Amino acid sequence: MVVGEEKMSVRKRLSKSSNHAEEEEEDQRDCAEESQEALSNGRVDLKQLISKKIKLTAEAEELKPFFMKEVGSHFDDFVTNLIEKSTSLDNGGCALTSFSIFEGDNNHRAKDLRAPPEHGKIFVTRRSVLDELFEVDHIRTIYHMFIALLILFILSTLAVDYIDEGRLVLEFNLMSYAFGKLTVVLWTWLTMFLCTLTVPYFLFQRWARGYHRTSHPVVHSFIHCFLFVVFQIGVLGLGPLYVVLAYTLPPASRCIVILEQIRFIMKTHSFVRENVPRVLNSAKEKSSTVPVPTVNQYLYFLFAPTLIYRDSYPRTPTVRWGYVTMQFAQVFGCLFYVYYVFERICTPLFRNIKQEPFSARVLILCIFNSILPGALILFLTFFAFLHCWLNAFAEMLRFGDRMFYKQTDLEGYHTVGVCDLQILSLCFSKDWWNSTSYSNYYRTWNVVVHDWLYYYAYKDFLWFFTKRLRAVAMLAVFAVSATVHEYALAVSLSFFYPVLFVLFMFFGMAFNFIVNDSRKRPIWNVLMWTSLFAGNAVLLCFYSQEWYARQHCPLKNPTFLDYIRPRSWTCRYVF
């Protein structure tokens, strides 16, 4: 009844808005007729025309917020009508089930809202959010503002160099140092890729084809599982780590190797995790065919911008090479942008720290001075990787699902079928920057990693133990994510300073429960952004201080404890 009444109110309001539009059209016709009459008489009443124009403009401005309010508050009803109509259509055999909507603030969130484990993530053809938003001139202007700020950074660098040293030369010493020894990075990546392409596929193929014939399937599975774990830990885990430490790669080069190491580990796990149940079901049904993917399918997956394996994905008809070039150009632009942020803001800030003991005063000043560069680095990292880099590879591979940083929000539905989920994934969604809760932010900030953690960490934890331990499963996911993030930072920076782990594991998890999905008011979006800016400032401040402290207070014979003991707390140096 409530839904029906709201639908009637929507129709009334929409009819009201259409009446406004009709009245506006009538006024325009009257204005045109009057102007024609005035012209036919050889006279033009400018005052009348101006008053008409002002009236129409005022009515249009009044209609704008009314329309936006209708779209924002009744979009759910529109999608509900769409789904209800779709249930009466023939959808090629997809099982459509009924669903119910829980209204109001006291709604009880359904726990099994996503696709069941046998279906997993559903890929559909859709564009990235920013590609759609950049078609709007108002949003495009924000992009232009960031470009203008980059130009000012470049001019500032030229001006400072000319005033201080009397030359107009752009040097990139910091960048050339950070990305040094790229030849080692290249052959390390190539070795990791070839090992990932051959070993997991070979082990899975041997296990799958031997599982149907062996008389000891448990022993057969245990041996291949053991070899796979040895490969994951020994080859993909310790191998790249040894290269990074043995060749003393600089920070950015280390980051490339470690991030690719983590990506390959997650890819191979997904490949095995998605295909093992298919082989077991085939053996259970005593099928004559063994469902082993082809090498081409596995190879495509290794380059596809997703961590969830499928035999096939939605594909776009053509490759827009101009679009690919633009995305890579924007990646390099963001890279230089980050360089100038460090060169013009961060480096002078940390190099000019006075020689004084580590105290609350120094820490507070450092954090507040790091808010602006931290916010810029946050936006640039998001745009460069989650939008430009992933979209470039998706376009080259004709990968259709471009939802890399936005996720469906199906909290209002109780029982949803597979086809329902596919329609809802196109309609019910929230941008991460509009989140009023940390729960939604974690789901939408990085969908690629979130999907992997949700299906292979959270869902598998509940399946292996019990569905009652949802809080424990969430805690385990936070622990895994925080540990991997801290591992990547520790190896890239050559020291262990678990600031990120503490922020992620304790404050991030606390905010996930406190600032949850029940928070809907705009003030919570303000608080979310405030905490994000503050958190990034803390990270930038602590890790930069520790980096410069270790550069200016080196130890002759450092022990293992020296790598995990903060040097910035005791170092005294003068720049």
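Backbone N, Cα and C define each Cβ position, glycine as well.
So that you can see what the record holds, here are the features copied from TrEMBL:
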type     : residues : note
REGION   : 1-34     : region 'Disordered'
COMPBIAS : 22-34    : compositional bias 'Acidic residues'
TRANSMEM : 142-163  : transmembrane segment
TRANSMEM : 183-204  : transmembrane segment
TRANSMEM : 225-249  : transmembrane segment
TRANSMEM : 321-342  : transmembrane segment
TRANSMEM : 362-390  : transmembrane segment
TRANSMEM : 469-489  : transmembrane segment
ACT_SITE : H485     : active site
TRANSMEM : 495-514  : transmembrane segment
TRANSMEM : 526-545  : transmembrane segment
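The stretch from 142-163, 183-204, 469-489 that makes the most Cβ contacts under 8 Å with the transmembrane segment (225-249) is 183-204.
Below 8 angstroms of C-beta separation, residues 128, 130, 146, 305, 327-328, 330-331, 334-335, 337-338, 341-342, 345-346, 349-350, 353, 356, 402, 404-405, 445-446, 448, 532-534, 536-541, 544-545 of the same chain, each at least six residues beyond the ends of the transmembrane segment (362-390), sit close to that stretch. Comparison of 142-163, 183-204, 526-545 by number of C-beta pairs under 8 angstroms to the transmembrane segment (321-342) places 142-163 first. Same-chain neighbours of the transmembrane segment (142-163): 134, 169-170, 333, 336-337, 340-341, 343-344, 379, counting only residues six or more beyond its ends whose CB sits under 8 Å from a CB of the stretch.
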